[in-house]
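Pasting the relevant annotations from TrEMBL:
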type	residues	note
TRANSMEM	53-73	transmembrane segment
TRANSMEM	85-103	transmembrane segment
TRANSMEM	109-132	transmembrane segment
TRANSMEM	144-165	transmembrane segment
TRANSMEM	177-200	transmembrane segment
TRANSMEM	253-278	transmembrane segment
TRANSMEM	284-308	transmembrane segment
TRANSMEM	320-339	transmembrane segment
TRANSMEM	345-365	transmembrane segment
Amino acid sequence: MKALVGVCTCENVDSLEEFTPAQQRRIKRIIDWRLIPALEIMYGASLMDRKNISNAFITLSFFITYTLFSLPMPILCRKMGSPRLLPGLCFMWGCVIIGFGFAKHWSDLVGLRIVLGFIEDGFFPGCIYLLSTWFTRYEVAKRYAVFYAIGGIGTALTGILAYGMMQLDGLGGLAGWQWILVLQGLLTCVCAVIGGLAIVQFPYVEKKKPSRWFLKPEEIDFVVRRLEQDRSDVDAEPFSFRKYFQAAKDIKVWGFALVFFCTTTVAYPFAFFLPIILHDTLGFGLALSQSLVAPPYVMAVLIMYATAWYSDRYRSRAPAIVFNCAVALTGLLILGFASRGSARYFGAFLAAAGASANMTATLAYQANRVRGQWKRAFSSATLSSLGGIGGVCGSLKFRSQDAGHRRHSITCATLSLYFWLQNKRADRGEIVINKLPGFRYTL
């Protein structure tokens with residue numbers, strides 16, 4: 001019991017005396033610079049590649065496979081090693097993106113998008129799992145924010161880069177859209193090579209076999225002991241399916257995944273369709289719409305890091321998530337109902353900032369409350385999988401055939417409210433539903 005209390009307080013992880021505070025900060029910086037830039041440029045390439053086709057059905061086909069194969073990927077990351085698996089996945093999806101540039105039919109695009117979802121499925125949970133193993137519980141939020149920030153900047157620059165690449169239209173017999181896909185695919189492959197040279201193994205593997213140009217053995221020992229003092233789960237137990245799926249019995253794992261699902265239902269489709277919103281709804285030209293995507297995501301990066309700093313500094317996760325939700329909801333209301341175009345564009349700033357910042361806030365919330373390597377791996381995979389399902393729901397929640405009236409959505413919401421109120425009246429004994437005591441409507 002004493003050992004468990006020592007782990008959970010997390011007050012003394014920097015009290016190990018063999019290194020001065022300045023030396024400890026240097027060790028953390030080495031880990032930061034070795035891990036985070038390599039992971040974030042590959043993840044940024046992933047987000048840029050996903051946005052190259054903003055069609056609802058094609059986006060849906062991506063997220064279907066993106067949700068199906070998350071659970072085994074952290075296991076593969078452990079077995080194959082992060083320096084092999086993560087850059088390898090990145091290189092493969094770069095090749096798929098190049099293939100997009102030579103697709104001849106709409107069905108080819110759907111098929112390639114399905115393959116892309118399968119390949120990218122393992123990357124995100126692998127990244128968040130790897131980062132969570134190298135940092136203590138109250139250091140991860142800022143690292144997740146920086147990791148995701150480059151992705152946000154990549155999202156911001158995608159439209160501008162796409163507009164520039166469109167100017168190559170006709171060169172070499174390729175259309176402008178083909179050049180966009182081919183060049184983005186080549187850039188992704190370059191990012192994969194850089195990642196393969198930089199990414200290191202999990203801490204317990206580094207302790208046995210240190211990577212070149214990284215930490216000295218005594219420095220790795222220090223890092224491992226810090227992590228042991230923080231949560232006592234550095235060494236992974238031998239893998240078994242029973243132990244891995246035993247984490248599914250913990251309701252907290254599903255709670256974190258549900259929060260992430262709600263976040264991605266807003267964040268993913270908003271990132272994909274913001275250029276269309278600016279062009280079709282606010283009336284901006286095509287080139288200007290592509291360029292105006294950038295400023296909201298620059299603001300999102302600032303809000304993301306500010307809330308991450310707050311939650312790490314004060315060791316408080318839930319208030320940051322609630323704040324980000326309020327910001328995103330306010331932005332969506334302004335974007336949807338304001339009469340002036342400038343006000344609606346301001347709403348896009350708030351919506352992008354709140355939704356994006358909550359991505360990293362939820363990741364840190366989950367990482368702080370899960371112990372054990374295989375449980376951490378399962379939780380990361382479940383989080384990513386339900387996040388992908390959020391992308392599916394976000395792609396389909398507003399159908400083009402409902403534009404202008406939204407009768408289906410309004411009717412469903414009205415009936416749900418009515419049934420909920422009737423259940424409450426029955427609970428108070430005011431009515432009997434369908435002449436059967438105890439009967440309740442299922443919502």
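For all residues, glycine too, the Cβ spot is worked out from N, Cα and C.
Describe the structural context of each listed feature in the structure shown, including burial, neighbouring residues and relevant distances.
Residues 39, 42, 45-46, 49, 52-53, 76-77, 109, 112, 115-116, 119-120, 122-123, 126-127, 130, 174, 177-182, 184-189, 191-193, 195-196, 199 of the same chain lie 6+ residues outside the transmembrane segment (85-103) yet bring a C-beta within less than 8 angstroms of a C-beta in it.
Sequence-distant contacts of the transmembrane segment (177-200) (same chain, at least 6 residues past either end, Cβ-Cβ under 8 Å): 34-35, 37-39, 41-42, 44-46, 48-49, 52, 82-84, 86-88, 90-91, 93-102, 130, 161-162, 165-166, 168-169, 171, 206, 211, 214.
Within its own chain, the transmembrane segment (253-278) is flanked in space by residues 47, 50-51, 54, 59, 63, 155, 159, 247, 284, 288-290, 292-293, 296-297, 321, 328, 332, 335, 345, 348, 351-352, 355-356, 358-359, 362-363, 365-366, 369-370, 375, 378-379, 382-383, 385-391, 393-395, 397, which lie at least six positions past its ends and keep a Cβ under 8 Å from the stretch.
Within the same chain, residues 141-142, 144-146, 148-149, 152-153, 155-160, 162-163, 271, 274-276, 278, 320, 323-324, 327, 345, 348-349, 351-357, 359-361, 364 sit at least 6 positions outside the transmembrane segment (284-308) and bring their C-beta atoms closer than 8 Å to a C-beta of that stretch.
A Cβ distance under 8 Å defines the sequence-distant neighbours of the transmembrane segment (320-339), meaning residues of its chain 6+ beyond its ends; these are 259, 266, 277, 303, 307-308, 310-311, 346-355, 357-358, 361-362, 365.
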Against which stretches of its own chain does the transmembrane segment (109-132) lie, if we need a Cβ under 8 Å and a gap of at least six residues from its ends?
35-36, 39, 42-43, 46, 49-50, 53, 57-59, 61-70, 72-74, 76-77, 82, 85-86, 89-90, 92-93, 96-97, 99-100, 103, 140, 143-144, 147, 199, 202, 363, 367, 376-377, 380-381, 383-384, 387-388
